[in-house]
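Written below as structure tokens is the structure these notes are about.
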Amino acid sequence: MTNIRKTHPLLKIINHSLIDLPAPSNISAWWNFGSLLGLCLMIQILTGLFLAMHYTSDTTTAFSSVTHICRDVNYGWLIRYLHANGASMFFICLYMHVGRGIYYGSYTYLETWNIGIILLFAVMATAFMGYVLPWGQMSFWGATVITNLLSAIPYIGTTLVEWIWGGFSVDKATLTRFFAFHFILPFIIAALVMVHLLFLHETGSNNPSGIPSDSDKIPFHPYYTIKDALGFIMMILLLLLLVLFSPDLLGDPDNYTPANPLNTPPHIKPEWYFLFAYAILRSIPNKLGGVLALVMSILILAIIPFLHTSKQRSMMFRPLSQILFWILVADLLTLTWIGGQPVEHPFITIGQVASILYFSIILVLMPLASLIENKILKW
């Protein structure tokens with residue numbers, strides 16, 4: 001008798017995706033982040049569900065409901081901090097996952113890559129709206145500043161902002177709708193993840209060498225299930241270290257002050273994972289220009305596959321491109337640091353230089369380096 005996992009209509013899908021899936025024999029730990037992102041999403045949905053059982057999305061009670069969760073609900077503090085720091089782990093894994101895609105040329109799987117970009121935008125939107133929910137000072141002013149950016153859109157801008165707010169300022173209507181969107185988006189993300197995997201399984205995984213690996217495949221289970229399990233243990237350990245020892249390390253102290261529309265915090269800044277984009281936004285003195293640069297800083301990922309001039313897929317054997325890639329990583333870390341600094345000399349100049357460098361590396365220097373490498377290799 002054939003094994004049920006190979007015949008049952010539902011189990012067959014799971015079997016072909018997680019058990020009998022042919023996988024390249026040489027994929028490194030950089031291929032662990034996909035499954036880690038899946039784990040992050042599950043942690044976020046579960047902790048979020050339990051938080052939603054006690055949270056109230058009303059401006060008068062939102063802040064105190066979060067306090068109530070931390071003080072009075074059984075292990076409420078644990079659920080809340082797992083959710084808040086789980087978001088940080090989510091973004092660490094996301095950026096590593098995208099970085100892996102750029103380094104090893106995985107972006108040549110166009111459908112998978114484009115769904116991935118949509119997923120990135122969806123996760124960023126979800127995280128932004130989630131940050132508004134505790135209704136602290138940074139929640140309120142972050143929501144005000146970021147939604148206000150849409151007013152830079154010519155002609156319809158102001159109307160659009162007031163439509164999103166549901167009034168003439170960030171208020172009860174805004175908080176309620178943000179909670180509704182924050183609740184529904186993770187399930188949309190989960191559906192998109194299915195599509196992401198569907199497209200990935202059409203082609204199979206890439207590998208560090210960038211060379212087709214059809215002649216050398218191994219079953220996903222047990223080899224990569226055990227490897228993923230190790231990744232899970234390491235990430236959960238890191239998350240628990242953060243949650244149990246310094247849960248507020250990555251947060252903003254201003255968010256422990258209830259939202260007050262009459263009192264603006266001295267430095268309005270988003271969570272650490274948005275600081276690089278925030279620095280790019282601030283580096284341009286013009287409002288519309290800044291907004292366009294902000295959107296382009298992420299949307300530029302969609303252009304990367306069309307700028308691939310190398311005859312090789314991966315950067316594994318391309319030292320010039322490798323150097324540029326790591327300069328890009330250092331540049332993003334610089335932008336992250338600048339995003340958290342006040343708008344004054346020398347930070348303004350550093351931010352502008354780093355922003356120009358970010359776009360230059362991706363749009364000009366990397367394609368040029370690839371052409372030079374082709375020439376050196378006489379291709």
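Placed from the backbone N, Cα and C atoms, the Cβ positions cover glycine too.
Straight from Swiss-Prot, the features:
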BINDING   His83, His182  heme b b562 binding site
BINDING   His97, His196  heme b b566 binding site
BINDING   His201  ubiquinone binding site
TRANSMEM  33-53  transmembrane segment
TRANSMEM  77-98  transmembrane segment
TRANSMEM  113-133  transmembrane segment
TRANSMEM  178-198  transmembrane segment
TRANSMEM  226-246  transmembrane segment
TRANSMEM  288-308  transmembrane segment
TRANSMEM  320-340  transmembrane segment
TRANSMEM  347-367  transmembrane segment
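What Swiss-Prot annotates, mapped onto the structure for a quick look.
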{"residue": "His83", "record": "heme b b562 binding site", "DSSP class": "helix"}
{"residue": "His97", "record": "heme b b566 binding site", "DSSP class": "helix"}
{"residue": "His182", "record": "heme b b562 binding site", "DSSP class": "helix"}
{"residue": "His196", "record": "heme b b566 binding site", "DSSP class": "helix"}
{"residue": "His201", "record": "ubiquinone binding site", "DSSP class": "helix"}
Which ones in the same chain are close to His196 (heme b b566 binding site), with CB under 8 Å and 6+ residues apart in sequence?
Thr112, Ile115, Gly116, Leu119
Indicate the candidate from His97, His182, His201 with the smallest number of other Cβ atoms within 10 Å of its Cβ, considering only these binding-site residues.
His201
Spatial neighbour of His201 (ubiquinone binding site) that is closest, considering only the binding-site residues His83, His97, His182 and their CA atoms:
His97
Counting only residues 6 or more past its boundaries, what in the same chain has a CB within less than 8 Å of a CB in the transmembrane segment (320-340)?
99, 102-103, 269-270, 272, 274-280, 282, 310, 347, 350-351, 354-355, 357-358, 361-362, 365-366, 369-370, 372-373
Report, as numbers and ranges, which residues of the same chain sit near the transmembrane segment (347-367): CB under 8 Å and 6 or more residues beyond its ends.
279-280, 282-284, 293, 296-297, 300, 303-304, 307-309, 321, 324-325, 327-328, 331-332, 334-335, 338-339, 341
Distance [Cα-Cα, Å, rounded] between His182 (heme b b562 binding site) and His97 (heme b b566 binding site):
23
Near the Cβ of His83 (heme b b562 binding site), how many other Cβ atoms are there if near means within 10 Å?
21
